[in-house]
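The following features are taken from TrEMBL:
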DOMAIN    21-274  domain 'Nucleoside phosphorylase'
BINDING   28, 59, 79, 80, 81, 111, 215  phosphate binding site
BINDING   196, 238  purine D-ribonucleoside binding site
Ligand SMILES: O=P(O)(O)O[C@H]1O[C@H](CO)[C@@H](O)[C@H]1O
Ligand SMILES: Nc1nc2[nH]cnc2c(=O)[nH]1
């Protein structure tokens, strides 16, 4: 209920002077994004009233406030997944807290396996759209009574990944010389925690999914519902095995390792995007 989100937002407001306009959710192995924030105020999730706990390796479990290129940001170093046993409401709890804190733009990142033939580990995929498999069968964070203070009962999802930000990110990647490993595509969320069988991988591939992971879609649905502008990135950490002849298999350590390898590139891209995003969207820049 609204009061729970408000209580957490009020607690945070009374513990930090930062008033973020941008929120970042760090995916597996991508938590270093938070380290580059200046003038940090950091809180362990266990100290924040109402916050769930991170249980996954590679998700530190800290909320970090600070400045990035003069813009005030809040960064989740560690996200919540459905497979950890959290309800979808809890999984997405921080997104509504961010809304109440005054955040306008949400940047989501994740680690994902690729299905698309031209994609390789280490590629960075700008998320153009998603398939929310749990959502399609009713496992949706918006299930239950609608909270009209946040958004409508039946929110549109056809434009949830902001086109302006996607174009800007691609321009920045070209300028930074990393266009060679940039992709754009469709992310699918599955429940996890197991990785895909070969039959499941083939199914997803046939359905037009470019990358698959176990997060992000619920956060984006809740963000779109309450009117946040969303930008999403998947770091391709592995190819999803689609052949019975293939002897490779995926594991979480490998996922985290690719995260570390590409952390610098992801950080540079996100930093520059944050630095330039308002101008691109013709929002008058603040005096800061
Ligand atoms: O989506 P993020 O949190 O980046 O993590 C991805 O990586 C983990 C599997 O290695 C899963 O949790 C999957 O969802
Ligand atoms: N479901 C799923 N999640 C991932 N996260 C990182 N890699 C993968 C993958 O191959 N499959």
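Placement of Cβ uses the backbone N, Cα and C atoms for every residue, glycine included.
Features as recorded by TrEMBL, highlighted on the structure.
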{"residue": "28", "record": "phosphate binding site", "contacts (Cβ under 8 Å, 6+ apart)": "56, 58, 59, 110, 111, 237, 252, 255, 256, 259"}
{"residue": "79", "record": "phosphate binding site", "contacts (Cβ under 8 Å, 6+ apart)": "25, 26, 27, 54, 59, 91, 215, 219"}
{"residue": "80", "record": "phosphate binding site", "contacts (Cβ under 8 Å, 6+ apart)": "52, 54, 86, 90, 91, 92, 93, 94"}
{"residue": "81", "record": "phosphate binding site", "contacts (Cβ under 8 Å, 6+ apart)": "56, 91, 192, 193, 214, 215"}
{"residue": "196", "record": "purine D-ribonucleoside binding site", "contacts (Cβ under 8 Å, 6+ apart)": "113, 190, 204, 212, 240, 241"}
{"residue": "238", "record": "purine D-ribonucleoside binding site", "contacts (Cβ under 8 Å, 6+ apart)": "113, 114, 121, 250, 254, 255, 258"}
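Within 10 Å of the C-beta of residue 111 (phosphate binding site) we count 25 further C-beta atoms, all protein chains included. For ligand 2, none of the binding-site residues lies close by, meaning a CB under 6 A from one of its atoms; the full candidate list was 59, 79, 80, 81, 215. When the neighbouring Cβ atoms lying within 10 Å are counted for each of the binding-site residues (59, 215), the highest count belongs to 215. Proximity of the binding-site residues (79, 196, 215, 238) to ligand 1: a Cβ under 6 Å from the molecule is found for 79, 215.
Classification of residue 215 (phosphate binding site) by DSSP places it in coil, neither helical nor stranded. Secondary structure from DSSP puts residue 196 (purine D-ribonucleoside binding site) in coil. Looking at the residues that bind phosphate per the record, 28, 59, 79, 80, 81, 111, 215, the two CA atoms farthest apart are separated by 14 Å. DSSP assigns residue 28 (phosphate binding site) to coil in the three-state reduction, placing it in neither a helix nor a strand.
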